[in-house]
Amino acid sequence: MADTDTNTTMVADTPDDYGREGLPTGEHHQPTEAEEKARNKRNIAIALSVVGFVVLIYLTTFFRLAENLKGAAG
Amino acid sequence: MTRTTMSETATDQEIPAHLTAEPSDYAALLKPRVMSLSIFTALVGMVVAPGPVPSWGLAILSTIAIALGAGASAALNMWWDSDIDGLMARTAKRPIPQGKVPAAEAFGLGIVLSALSVWLLALSGGYLAAGLLAITIGFYVVVYSMFLKRRTPQNIVIGGAAGALPPVVGYAAVTGTVPLEAWALFALIFIWTPPHFWALSLLKKGDYEAAGVPMLPNVKGDAVTRREIWRYSILLVLTAPLIAFFPLAGWLYAASSIVLGAEFLRRAWMLRGSEDNKGAAGLFGFSILYLFALFLVLLVEHWAGFHG
């Protein structure tokens, strides 16, 4: 655990303590090749989903507009 | 989370499953097989509604919205049940118990998909359909998953309402109304659900016992369950042909419902008389075929012009 001196300043002893106190720990996570590959696939899937949803909204607007025009003409 | 110091490499440590999760793991949260049944019944609800489908473009977009809504409720169900899914062999391979998808991510995906699906359906199928879809998702997640599933053996009887709503949502999406004939389709699936799931629960009661889910065989015993399956089967077989009195169905549907109903009853009767639940797997499989076939006949009738 972090020590507390008389001025209540947090002093971390271990990397875990630094993490708890919100201090930089010097740790980092180096993704493996498998992780990076999976992350790329997830990123592509998210991008495609967002684009797909935009297309769905675009098509909905298009068909709704066409319906309204047909109704107005008929 | 795998953490390493500068001097370590991640390859020295075991990689947590969620760091290598594939998009397919997230897709599995949406229960694609259950989703396909919702899509199919919703599509039939659209097609059997009176008059031609006003816009096939909007109908297809509405179907996609309903599919997304079904997927959203499945993801939220998996989030809520993530503590018991790992205890049951049937669900242990789902992405959350496998550690591939964190439960919080399933919750996030479910909430976002719920909002987007309802919004999309409001634009493509109108507010009534969107409201019904929101009720379907809310009923499945809150009423069934959170309140009924772990409290009462009647869980799937009442909770079946969520699975029965997609054709009503489909009907509403193309007509903007939900008359009695739309609710007749609801009734068909609603009454079909108990014998379907109780046949499964006879086969998987060990799973439910381990997870503490009070399914009928675990609470009342196999004999009572077989008797209830028989009773609901009679109700189902009597109800299904009644739909033919509405304009949405015709003689082909009436004949099919009688023939398929007779086979349903035969299987339920055989199961009722068996001491070892022999026939439960057969009835479960046939029940899927039964519902699929009846909805398919409705679809064919409309395309062939036999209905009404």
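Quick reminder: no glycine exception, Cβ is built from N, Cα and C everywhere.
Keep in mind that TrEMBL annotations are predicted by a computer and have not been checked by a curator.
Within the same chain, residues 59, 62-63, 66-67, 70-71, 74, 163, 166-171, 173-175, 182, 185, 189, 247-249, 291-292, 295, 298-299, 302-303, 307 sit at least 6 positions outside the transmembrane segment (B:34-53) and bring their C-beta atoms closer than 8 Å to a C-beta of that stretch. The transmembrane segment feature in TrEMBL is assigned to B:34-53 (among others).
Residues or ranges marked as transmembrane segment in TrEMBL: B:59-80 (among others).
Among the features that TrEMBL reports, transmembrane segment is placed at B:101-121 (among others).
Distant neighbours of the transmembrane segment (B:127-148): 62, 65-66, 69, 72-73, 76-77, 80-81, 110, 114, 117-119, 121, 154-155, 158-159, 161-163, 165-166, 168-170, 172-173, 176-178; these residues of the same chain sit at least 6 beyond its ends, with a Cβ under 8 Å from one of its Cβ atoms. Here TrEMBL flags B:127-148 (among others) as transmembrane segment.
Panel annotation: around the transmembrane segment (B:155-174), residues 37-39, 41-46, 48-49, 53-54, 58-59, 62-63, 66, 70, 73, 121, 124-126, 128-129, 132-133, 135-136, 139-140, 143-144, 148-149, 182-183, 185-190, 193-194, 197-198, 213-215, 295 of the same chain, lying at least six beyond its termini, place a Cβ under 8 Å from a Cβ of the stretch. What TrEMBL lists as transmembrane segment is B:155-174 (among others).
The transmembrane segment annotation in TrEMBL covers B:180-200 (among others). Listed as Cβ neighbours of the transmembrane segment (B:180-200) (distance under 8 Å, sequence separation of 6 or more from its ends, same chain) are residues 41, 44-45, 48-49, 156-157, 160-161, 163-165, 167-168, 171-172, 215-217, 225, 228-229, 232-233, 235-236, 239-240, 242-243, 246-248, 264, 268, 271, 280-281, 283-284, 287-288, 290-291, 294.
Positions annotated as transmembrane segment by TrEMBL: B:234-260 (among others).
According to TrEMBL, the feature transmembrane segment maps to B:280-300 (among others).
Long-range Cβ contacts of the transmembrane segment (B:280-300) within its own chain (Cβ-Cβ under 8 Å, at least 6 residues beyond either end) map to 37, 40-41, 43-44, 47-48, 167, 188-189, 192, 195-196, 199-200, 202-203, 229, 240, 248-249, 252-253, 256-257, 260-261, 263-264, 267-268, 271, 306-307. Remote same-chain partners of the transmembrane segment (B:59-80), defined as residues 6 or more beyond its termini with a Cβ less than 8 Å from a stretch Cβ, comprise 29-32, 34-35, 38-39, 42-43, 46, 53, 94-96, 103-104, 106-107, 109-114, 116-118, 120-121, 124-125, 129-130, 133, 136-137, 140-141, 144-146, 162, 166, 169-170, 173-174.
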